[in-house]
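A short write-up of the structure that comes next.
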């Protein structure tokens, strides 16, 4: 079907009382067997699919609005609308609906909107039509009472609306308004306020078209200035005529479009500023007013898009060097308002809108505008850019990659955005925060497209790290040339925090691009300089950046961290924080706890070998002692690979397997008695029977002897130690300024009687520094007392020692056979 008269858009009203566009198609009417009646059918013009199939129900209230709209409710809270391209098509379908319902096509509504009680309906139907009082000054109070009394009843509202419409009553009321103002009749003006407000609540399109006409709308606004609850009238008309003057920056040749823009602005002003807040009214009382504004906006955007001369002139003047600054500012502000206007459109309409702007060259125009000195113009251009990025980031990426082939890095659009972020003069960096959000959207791989021939992620990130990343990190590198930030004022700290936030996002999402950049440019070392900042939020941003890197558990990063000794700034910050329980203390402990729990072997060894002296006295959490235990276990396995192999056998391979298999093997083990042993040998898997018994049993015997000795020492320590609760980290530690690994600590707290002193050789029997059992038992008893460290995971400690504990749970007969 190619008849444009029947071309329509289908809309549904969502939960937020906004209209959603369901598609464009052609409407027809006909009998549908499945629905058993005449129905409205809309088929999509793109593929012929069925957009709407709605039976014309004899009892459904259909409304005709603005000559080209038909609105109705299918069910509770499900409103539909057909917006016709031409009035003739709307009239044809309206006649068909009225024919089915047996109504006169001259009416604008076919049924009462809300059912009433039978008694009330009978009374109203038996009474004659509503008779309005004569429109005179002396009867304004009576008219106001009539309007107020009609609002609760839908049928009375309908009768009142018809009477007002048929008698041209609104224009008569507005004539009285002029008389009251001339006579300064305040009482009469107060009555007119109540009358006009009540007419809005009638929710009638035909009345709105009269009230919002060019000759009436300012008088309607005038009536609404005289709110009886206010001591002085508002000056809405003065604002609209003097302050909010319409500036036609580009001549609009279409008078209908110009009138529609004026009308929409004023009606929007009435809705937002003049009428009381919507919460005062019953739900849906102003739904027709919302619809009136919405469809006006759709129409305006469509008319502007179709006016190619208007848009061509707009962009030509924007980029013309001869355009004076005041004119350019007006043009940019108009374009900004135009884009803001489009946000009310549905996705399909917005798609066409931004595609039109793109074809007209909006991005090159923005690039020119952003390079100008006028801060107001640049600010408006930034807002326009944000609309484009939010709606279609791929379009922006494609543009910046294409221009990189022709222009230097300094004048690339994305680099201009970064420079404006860095150079934001606002003390609160409001503009910088907005721009950082836009950059984050542009570099987010989640909204990048992938096709068979090319991947936008690979291409754009390659471009970004080659042409733009050095601009983003410039303030960071400039401020971290020494051991502490060269500038540490609040605004600089805020800016660097924004840069770090974006870099942290890149670490999480960009894999090898950011990895190569960090390692090649030594970025992490520079970032950790900021841990010496006096601003805690900046130091925490730097720590968060490192924590994100460690969280990846990437050995390339780990080797870089160890090679450059990049735990030193963190340990320094931890020690300088002293005994304060704050976010810095918790965040640092959490980072080391992550290394322990995840058993990152390389970092565990690096931390203990280089920083144990500084951390060994931290006993209010078990994190660092747990790290030391991990380290000793690693070294023990390295020194005794055969012991490690045997232990894995005794642990039943330690790692979690199928639960049923595990239970069967445990049952076999514990059901085995001495008769199952041959010549005092342990039962091992057949693959291990070929091993030399002495090679296996000798280290086991030594291990059991050391274990017994440790347990006896630990019992003595526990008996002497006061387990009254968690100790406060009231230690005083100093840092020497020698080599990077020369971190020393000194405890100001007196050692507990019998507590371990400085650690000796971890591998020697009975070494005071090797007390894993004491550590875990102390932690367990403290937990029973109800006090737990800031970042303390006793369950993890139990898991670490679980396998050693299993040996103690073996039957006595089996222990004897191992020790014999």
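Cβ coordinates are placed from backbone N, Cα and C, and glycine is handled just like the others.
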Swiss-Prot annotation, phosphoserine - which of 153, 761: 761
From 640-669, 670-699, the residue range that Swiss-Prot assigns the feature region 'Disordered': 670-699
From the candidates 29, 117, 748, the one which Swiss-Prot records as phosphoserine: 117
The domain 'WH1' (1-100): DSSP-derived helix, strand, coil residue counts: 17 helix, 53 strand, 30 coil
